[in-house]
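This report concerns only the one structure given below.
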Amino acid sequence: MSVSTGIGWDSHRLAEGRPLILGGVTVEHDRGLDGHSDADVLTHAVIDALLGAAGLGDIGEHFPDTDQAYAGADSISLLRDVVALLGNREVLHVDTTLLMERPKLKPYKDTIRETLAGALGVTVDRVNIKASTGEGIGFVGREEGVAALAVATLSRP
Ligand code: MG
């Protein structure tokens, strides 16, 4: 068996009149993330971590933001597409950190974990969600945007 890891990073701008979708879950907030798809920054980071671990490039190569097919795309369904590309690789673990000043993620963490685990086809104990604020500094702290990091570990027979 061989084991590989991949990292993922993404950031999106906060904008008025957009829903805030994180890990496939709509989070109550006065603004949301702007982007070509649903701008689900957390799911995008997970997708890139999986692609990295599998040596399959990055999210922009698979789902170009110049392609109208992905306008407003549901990122959880893109994640399912990526899981299908993994073939005989098994998702051992996915760890994530969301960098967001507001709102508090705690009420949503369990649902996000379940949603991501469902799309990954694994049990919730293989997925972890962490959140961190920007302490008032940088683009996260000034609430200009939200960022996410992910690490995926895959095994292959
Ligand atoms: Mg993105």
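Including glycine, each Cβ sits where the backbone N, Cα and C put it.
For ASP10, HIS12, HIS44, the entry in TrEMBL reads divalent metal cation binding site. Annotation source TrEMBL lists 4-CDP-2-C-methyl-D-erythritol 2-phosphate binding site at 10-12, 36-37, 58-60, 63-67, 132-135, PHE139, ARG142. The domain '2-C-methyl-D-erythritol 2,4-cyclodiphosphate synthase' annotation in TrEMBL covers 4-154. The site 'Transition state stabilizer' annotation in TrEMBL covers HIS36, THR133.
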Binding-site residues listed as PRO64, GLY134, least Cβ neighbours within 10 Å: PRO64
Candidates near ligand 1 among the binding-site residues HIS44, PRO64, ASP67, GLY134, judged by a Cβ under 6 angstroms: HIS44
Rounded inter-Cα distance in Å - ILE59 (4-CDP-2-C-methyl-D-erythritol 2-phosphate binding site), HIS44 (divalent metal cation binding site): 7
Divalent metal cation site shell beyond ASP10, HIS12, HIS44, criterion: Cβ within 8 Å of Cβ centroid: SER11, LEU33, GLY35, ALA39, ASP40, VAL41, LEU42, THR43, ALA45, ALA147, ALA148
ASP10 (divalent metal cation binding site): tally of other CB atoms within 10 A of its CB: 23
Count of other CB atoms lying within 10 Å of the CB belonging to ILE59 (4-CDP-2-C-methyl-D-erythritol 2-phosphate binding site): 24
Position of peak Cβ density within 10 Å, selected from the binding-site residues HIS12, HIS36, ARG142: HIS12
Whole-number Å value for how far HIS12 (divalent metal cation binding site) lies from HIS36 (4-CDP-2-C-methyl-D-erythritol 2-phosphate binding site) (Cα to Cα): 10
Packing count at HIS44 (divalent metal cation binding site) (other Cβ atoms within 10 Å of its Cβ): 28
Confidence summary (mean pLDDT) of the domain '2-C-methyl-D-erythritol 2,4-cyclodiphosphate synthase' (4-154): 97
Per DSSP, three-state class assigned to HIS12 (divalent metal cation binding site): strand
